[in-house]
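To keep things clear, I will list the structure first and then write my remarks on it.
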Amino acid sequence: MNMENETIIMAEQRSQRYKDSDYQDYQTAVRELILYPDYGPFYGIMGVVAAIVFSSIGSAYGTAVSGTGIAATAVMRPELIMKSIIPVVMAGIIAIYGLVVSVLISGTLNTAATYPVAKGYVHLAAGLSVGMCGLASGYAIGVVGDVGVRNTAQQPRLFIGMILILIFSEVLGLYGMIVAIYLYTKDI
């Protein structure tokens, strides 16, 4: 109770010290600290990192898992190697989505004095959007690519179905990039 009274008294004394003109300067300084804190660019930088890292992890996973299916198919049917490489190419495109968004975001990064924290939050959301969608898409491409390539070697009529499923898996990453670019263009 005593501590609360001291805090109230100190706040009243502080507010009495500021005259009208000084108080306006005080309000402006507080507003600047709230809108442009020193840690504001951190969120934008984390958006850049999330975009490229998560989408690259998804791309690497899709490439690795699909690659094992290609290696197994090459043993049984070497003439299908070029047809079987499609999942690897599609997995590689996922990393490009993250690269595009991370370059866009990093192009607008600035010092803490000119980079608002709200923009940092939006850039973090954009990076997470494309990164997580790329991670999920790469996982789906890897699983579908591995199983699809192996089974296409045994039954060639499965090839069109595999391609359609790969397209639906790839478009998940594209959706994340579209949302990320939309968020990037928003002024908050």
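Every residue, even glycine, has its Cβ placed from backbone N, Cα and C.
Summarising the annotation, TrEMBL assigns transmembrane segment to 42-64 (among others).
The average pLDDT the prediction assigns to the domain 'V-ATPase proteolipid subunit C-like' (46-105) is 94. Per TrEMBL, the feature domain 'V-ATPase proteolipid subunit C-like' maps to 46-105 (among others).
Long-range contacts of the transmembrane segment (85-109) within the same chain: residues 41, 44-45, 47-49, 51-56, 58-63, 66-67, 69-70, 115, 119, 123, 126-127, 130-131, 134, 137-138, 141-142, 144-146, 148-149, 163, 166, 169-170, 173-174, 176-177, 180-181, 184, each at least 6 residues beyond the stretch ends and with a Cβ under 8 Å from a Cβ of the stretch. The transmembrane segment feature in TrEMBL is assigned to 85-109 (among others).
Per TrEMBL, transmembrane segment is recorded for 121-147 (among others).
As a summary of secondary structure, the domain 'V-ATPase proteolipid subunit C-like' (124-183) carries 59 helix, 0 strand, 1 coil according to DSSP. The annotation domain 'V-ATPase proteolipid subunit C-like' is assigned in TrEMBL to 124-183 (among others).
Positions annotated as transmembrane segment by TrEMBL: 159-184 (among others).
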Intrachain residues whose Cβ lies under 8 Å of the transmembrane segment (42-64), provided they are six or more past its termini: 87-88, 90-95, 97-99, 101-102, 105-106, 108-109, 115, 117, 119-121, 123-128, 130-142, 145, 173, 180
